[in-house]
Amino acid sequence: MSNKQRLVLSILDFLNDSIKDGTVKQDDQESLEVAIQCIGEAFGVDPTDEPQRDRLSVKPATLQSIFDVFLKTRDKLAPSAPAPSTSTPSSSKLKGPSPEDKSAAEALKAKGNSFMSSKNYDEAIASYTKAIELDPTNAVYYSNRAAAYSSKGSHDEAVLDADKAIEVDPSFVKAYHRLGHAYYCLNDYKAAAAAFRRGLELDPSNASLKTGLQNAEARATDYDDLPDLEPAPSSAPSAGGAPGAGGLGNMAEMLRNMGMGGAPGAPGGGGGMPDLASLMNNPQMMQMAQQMMANGGIERLMSNPNVANMMNRMQGGNMPDMSELMSDPTLRDMAAQFGGGGR
């Protein structure tokens, strides 16, 4: 439910911000505060719980910025409606910015660049924004503002500006790098890779785009290669095991994927661990595992501090020795009980 809770936290933050900034009228604030409390309780989200906020927060993104990105993307993908035949572009749009406006915009860009050098990102954004107002036809201003947004961690806004720069000048290579960088920082590695590729189509020798593409593709591949640990339905026969075993038969393959099955033909895994994949394909082991599940043995096993320590070490790539585990009297007794040896 964590994704839903993230959405709920974003909604609650938006509502609380709307109360604080005066968007909601004074007469309506009390009702909205009650609604915030009810929504939070319904989904188990407490905006004042800092550990929960750290786990569920989508910062630096906000609900408003995510919604803006969605609208921008939808508008770009939607077929553009033909302009009414009677409409006439204004003379100012036909003429574009005046030479005076262009000159002033360039001065503002230089000022923004100076602010960037001193890491004064808010002032840099303000300068680039003024430059855009004077000359919205220059892709460099949008690209520079995207860099400023990324530098302060506002990557959603950086995506919008980099997209706009590409819209204004599709041949402006640096904008594709800005777009890829912003998506990368938002953990959208596939979108980042796509942006870098589009830039490389224009400039195949660009070293920054090549590096960005390699990094994005590597991260995207890492995410794609994560094993699916969802349990198989209990009503379906499990591979290598008995029907209704709750997916225990699939544990062999899962353990191999985790590097716990040992090399093919090897007697056991590394670090003194036995070939757990082979064990889980053993009918007697399957029967014992099912008996443990039925009698609460799994819960007692997982609550054992030695087992918890083993799992932590395994996650760090350090495989424990089985003899070390079996020196624990609780585990010895449990193995004897469920292995049929008695006490």
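Cβ atoms are placed via backbone N, Cα and C, with glycine included.
Residues or ranges marked as domain 'SGTA homodimerisation' by TrEMBL: 3-68.
According to TrEMBL, the compositional bias 'Low complexity' annotation covers 78-97 (among others).
As annotated by TrEMBL, region 'Disordered' applies to 78-105 (among others).
Residues annotated as repeat 'TPR' in TrEMBL: 105-138 (among others). Across the residues of the repeat 'TPR' (105-138), the predicted structure has a mean pLDDT of 95.
Taken from TrEMBL, the feature repeat 'TPR' covers 139-172 (among others). Here the repeat 'TPR' (139-172) is broken down by DSSP into helix, strand and coil counts: 27 helix, 0 strand, 7 coil.
Helix, strand and coil content of the repeat 'TPR' (173-206), in residues and according to DSSP, is 27 helix, 0 strand, 7 coil. For 173-206 (among others), the entry in TrEMBL reads repeat 'TPR'.
Annotation source TrEMBL lists region 'Disordered' at 224-248 (among others).
Positions annotated as compositional bias 'Low complexity' by TrEMBL: 231-240 (among others).
For the repeat 'TPR' (105-138), DSSP puts the residue distribution at 27 helix, 0 strand, 7 coil. Cβ atoms under 8 Å from those of the repeat 'TPR' (139-172) belong to residues 60-62, 65-66, 68-69, 72, 76, 105, 109, 112-113, 116, 119, 121-122, 124-125, 128-129, 131-132, 178-179, 181-183, 185-186, 195, 202 of the same chain, restricted to positions at least 6 beyond its ends.
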